[in-house]
Structure formats: structure tokens, C-alpha cells
């Protein structure tokens, strides 16, 4: 009986925590852009997932985890089989890129920034990701972008490590549709 | 016999040199594995192609303003028609070749930036199957051009060595017309 009351109390107290919400693949997009011999190249990842505990009123209680399936990369036909090779992203050894953050703060005007750890190809770096968060019907829309240096993660080794042909800067852009907590199946 | 203008000659031989370069690089780079040097070659190939396209438009403009010298009187109506048709086809091919490369790049989702400075508009939306089809068109055009250029060269030699007229001399800088 005591256990039951305790469980009930726990359930009732649960909404005070930021509810965990799951990323909806439909409508969400994780893309990137870089320069190749001064030509802008665009790419994207087709498979990714995420868990977002975010309360716009209390951003400091947030936790974010994003996982990106490296092999789902798409740039252009000839490049796609190349960039998953060990010299680039080594999808076989490091199938996922991961971003985790428990440090989110409000910047005002619906804008926030998440500081966390981005791990790609076995290398981890602290990154700060600014984003905009808005409720849209039952869903939440998260938009943002940040720049990473491919050299920090050894993306492109050997002859590719020179940045005169393929630039070092990679702009990561995301548009995430986050489903409401109630619809989240565990 | 009248000669082509100096500008017409310069443009003709410049386009010939660039076409030879673009063809050689295109043929060589085709099967290379992806590497920084391949990307470099591909860029040079594209820049050369765009340059040829612009120069051919210049040539056509110049040709309209300065019509080529008259063909030798010994040529029959059929030969004149063949020469005229041949030149039209060559001009069409010289424009179609870079155009197909540009479209192919667009369809593959890789913009063409002339000399890495001037971005050309992407004429097509990214579509890998269309890109593949256009790369076959681009490749086929290469061999068609090679065949037409061969006929063009053989015809020039025929004029020079068999007909013994000035058709070749009037396009070659410094070559004197035969005195008749």
C-alpha cells in the first residue's frame, strides 16, 4: 500500500520534470554545407533520432540527445560511397554521431543555446548550438545551425586533410519536428 | 584569295587548344578514383568548358559581323552545302558539349563556379538519375565531336593537298595563299 502511494506520488510529480519528447523523422531534417574548390556543396543525413527533454520556461532542466546514422549520409552519387570510408567518416567503426547536452540556456526571443559534446568518428568536442524553439500545434519546431571544423574530428585524412580543396568549415543545419510527450511511445 | 580575320583565326585556334585540353583531361579523369587531384582536374575541366562556351559565342558574333571569305569557285553546289552544314554542326556541338556538362553538374547537385569565382546558375534541380543520363549524353557528345573534328581536319587536308586551293591556308596564321 505504501509502495502504491509512493508510485502515485511519483506519477503525479512527474509532470514537473521536463517531459521527454521524441524526434519525429517525418518533416525533420539534418543537413550540412561545405565548400569544395569554392563551390557550395549540400548534403544531409537520412536517418537520425533524438530525445529532447525541453521546457521552454525552464531551459536549464533540459537534456538533449541526438543520434545521427553516419551511413545515411547523402551528398552526391559519386561522393556517398567515398565519405563513409575510414579516411572520411569511418561509418563501419563509428556508425553514429552523437550530441548530448544538459546545458541549455535561454537567449531571449524564443532563442536558446545548447552547449554539449559532439562525438564524431571517435573524437569528442564541446560545441555550442544556438537554436530557435517554437510550439506549432501539438509539435515543437526546433531550428538552428552551427559550424564545425572537419579537421577536429579527422573527417578527411591523408591527402584530404589539406583544406584547400575541401574546406575545413562544415555548416550543420537542422530543422527538427518534436512530437508531443503524450504521443511518445516507450 | 581572302583570308579569315586575325581575330577569327586566333579564336579558332584558341578554341581548338582548349577543346584538346578539355577532351584529354575529361577522358583521363573519368575513371580516376575520387581524390583531391581529381576534384582539381574536374574543376579545371569545367572551367575550360565554360570558357569554350563563351569563346564560341564570341566566334559566332564575330562571324556574323565579319562573314567568312568566299569558298573557292571550283566547289560544286553539293560541296558548298556540305561545308556549310558541317560548320553549323560543329558550332552546335561546340555549344552543346559545355551545355550538357553544365546541365549534368546541376542535376548532380554540384554547381559550376567559373574559375572558382563566378557561380553559374543551376539550370536543373538535383536529380541523380537525370545526372547519370546527362553524363552519358556528355560522353557521347565527346566522341561525336571527335568524329566531326576528324572529318573537318580531313576536309581541310583534302582542300590543301588534293584540290590544292587556299581553304586551309586562310585559317592558318602565317600560311601564304598559293599563287595561281
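Backbone N, Cα and C define each Cβ position, glycine as well.
Note that TrEMBL annotation is computational and uncurated.
Here TrEMBL flags B:4-174 as domain 'Cytochrome b561 bacterial/Ni-hydrogenase'. Here TrEMBL flags B:12-29, B:44-62, B:89-117, B:137-157 as transmembrane segment.
Among the listed stretches B:12-29, B:44-62, B:137-157, the one sharing the most Cβ pairs under 8 Å with the transmembrane segment (B:89-117) is B:44-62. Predicted-model confidence for the domain 'Cytochrome b561 bacterial/Ni-hydrogenase' (B:4-174) is 96, expressed as mean pLDDT. Packing against the transmembrane segment (B:44-62) from elsewhere in the chain are residues 5, 7-8, 11-12, 14-15, 18-19, 21-22, 25-26, 29, 91, 94-95, 97-99, 101-102, 105, 112, 114-116, 120: each is 6 or more residues past its ends and has a CB under 8 Å from a CB in it.
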